[in-house]
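Here is the structure we will look at.
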Amino acid sequence: PLILTYYHTDNSTDITAKYENRASVDVNINGASGKADLKLSSVTAEDNKRFECRVQIPKDDKGKLVDTARLTVLVAPSKPICEIQGTAEYGQNINLTCYSKEGSPTPTYKWDSRDVSNMPRVADPRTTDKGGILSLYNISKDTSGYYTCTSSNKIRSASCNITLSVMPPSLKISSTAIIAVAIAIAVLILFIIIIYCCCCRKKNKDEEYAMGVHEGEYENTEPLRKDESGPTYVEGSTQGHDDSSVSKPANRRDNYEERSERSYDGRSDYDDRRSDYVDRRKDYDRRNDRDDRRSDYDDRRSDYDDRRNDRRSDYDDRRNDRDDQRSKNSDRHERYDDDRRYDDERRNNNRRDPRYDDDRYNDRNRP
């Protein structure tokens, strides 16, 4: 877009609204320099572009009328964004991307890799690093680790980290499988609830049946008929009737009373069985109590035997010690007696008369 236009004839300048108060021109045509310098203030990253200078001289088209200049606004790179493109599974190819939204001149990117033990490692020969995109081919468990991308230009540098975990394909659970499992669990829970409700309803009906006949059970009930033209046989009746006959109220009451008696007898049998079960349970509990007491008695008896054996062993040890001490005393007495006999013999020898030592009194030397 046009920034400004300078008119030499009247020494005036037209500046567009976008660069108002930011752009100016310093013209020195008649002097030795012959230059027109464009000055911009408060530059931003948007001013990082190529500018063109065009000269128009009436009736003069010789020489170079147009020239360009590149303005580079230095902007430090922003913190890069690291992402994984692809599926991190065994045998797959993935890309690790790194990009800084800001930075002038355009930042350069460099990837560094460390293994799961956070130790530096040499990159695979097939790995490529170009324009902030690190391409990994046929990844495996050894590809897992920590990756760092550094974005830098003439101002400074910034970095981002990413952790890569390569998993086997069998460990991947898709969203469809999760939804299917959730639906199956919901259906199973609903089925269990339906079965529980049916069981409760059946139990309530059985209890009502055990307590007696429902009201109106025998109302509007026709008697059993043998055939259309023959007599009708009713339970408890010995006479036949035609099709227009109905059962007597007395027979209904008898049937109801008989049904009630059977229900009462069944309830009594249930109570008796329940009472027997409670009695057997009490007997079983008492038996368990006896077993527990017997176990406690055995434990105490075992402890008593252990203590008795320990005391017996201590007694035997002390007795052996006394016997050893007695044997030592006997040895000392024997040595003392030997020394005493030796001293007595020596004293007796010293007391002998020296006359008896003369050869005259030696009978062996006589002729």
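Cβ coordinates come from backbone N, Cα and C, glycine included.
Confidence in the domain 'Ig-like' (77-165), given as mean pLDDT, stands at 93. According to TrEMBL, the domain 'Ig-like' annotation covers 77-165.
The annotation transmembrane segment is assigned in TrEMBL to 177-196.
Among the features that TrEMBL reports, compositional bias 'Basic and acidic residues' is placed at 217-229 (among others).
Residues or ranges marked as region 'Disordered' in TrEMBL: 217-367.
Feature annotation from TrEMBL assigns compositional bias 'Basic and acidic residues' to 240-367 (among others).
DSSP states for the domain 'Ig-like' (77-165), grouped as helix (H, G, I), strand (E, B) and coil, give 3 helix, 44 strand, 42 coil.
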